[in-house]
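Here is the structure we will look at, set down as structure tokens.
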Amino acid sequence: MNFSGKYQVQSQENFEAFMKAVGLPDELIQKGKDIKGTSEIVQNGKHFKLTITTGSKVVQNEFTLGEECEMETLTGEKVKTVVQLEGDNKLVTTFKGIKSVTELNGDIITSTMTLGDIVFKRISKRI
């Protein structure tokens, strides 16, 4: 399955609790909670380029499935991780105690990030 496309956030659950748990300042949490950000994914075989735009903040990450890479997190921190493909429609990675699963079903991408007992879920639709 090819993940390439541009997606806009439709809904999210537990944004504030998750962002507080990862150390984002309250001011940025309040600014970001109502923004319907976009994600653009360009997939070329096992190589992915991901651009996430939330208001004026843009985060770009590139990775190749199964290879260690450096990624920028939501808080701006750089972490080393490995992204794996599960089945043909799930991208899975773990960093700093956070498990991130991005699942594509048709035109809907569901991103789930779990830290301890806090589960942040974001649903985006292809635009």
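Including glycine, each Cβ sits where the backbone N, Cα and C put it.
What Swiss-Prot annotates here:
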MOD_RES   Met1  N-acetylmethionine
MOD_RES   Lys31  N6-succinyllysine
MOD_RES   Lys36  N6-succinyllysine
MOD_RES   Ser39  phosphoserine
MOD_RES   Lys46  N6-succinyllysine
MOD_RES   Thr51  phosphothreonine
MOD_RES   Ser56  phosphoserine
MOD_RES   Lys57  N6-succinyllysine
MOD_RES   Lys78  N6-succinyllysine
MOD_RES   Lys90  N6-succinyllysine
MOD_RES   Ser100  phosphoserine
MOD_RES   Lys121  N6-succinyllysine
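The structure, with features from Swiss-Prot marked on it.
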residue	record	contacts (Cβ under 8 Å, 6+ apart)
Met1	N-acetylmethionine	Asp88, Asn89, Leu104
Lys31	N6-succinyllysine	Gly55
Lys36	N6-succinyllysine	Gln8, Val9, Gln10
Ser39	phosphoserine	Lys6, Tyr7, Leu50, Thr51, Ile52, Thr53, Ile109, Ser124
Lys46	N6-succinyllysine	Thr64, Leu65, Gly66, Leu85
Ser56	phosphoserine	none
Lys78	N6-succinyllysine	Glu70, Met71, Glu72
Ser100	phosphoserine	Leu91, Val92, Thr93, Thr94, Ser111, Thr112, Met113
Lys121	N6-succinyllysine	Gln12, Glu13, Asn14, Thr110, Ser111, Thr112
Whole-number Å distance between the CA of Lys90 (N6-succinyllysine) and the CA of Lys57 (N6-succinyllysine)?
25
If H, G and I count as helix, E and B as strand, and all else as coil, what does DSSP give for Lys78 (N6-succinyllysine)?
strand
Measure the Cβ-based neighbour count of Lys90 (N6-succinyllysine), defined as the other Cβ atoms within 10 Å of its Cβ.
16
May I ask you to report the DSSP-based helix, strand or coil state of Met1 (N-acetylmethionine)?
coil
In the chain carrying Lys57 (N6-succinyllysine), residues 6 or more apart in sequence that have Cβ under 8 angstroms from it:
none
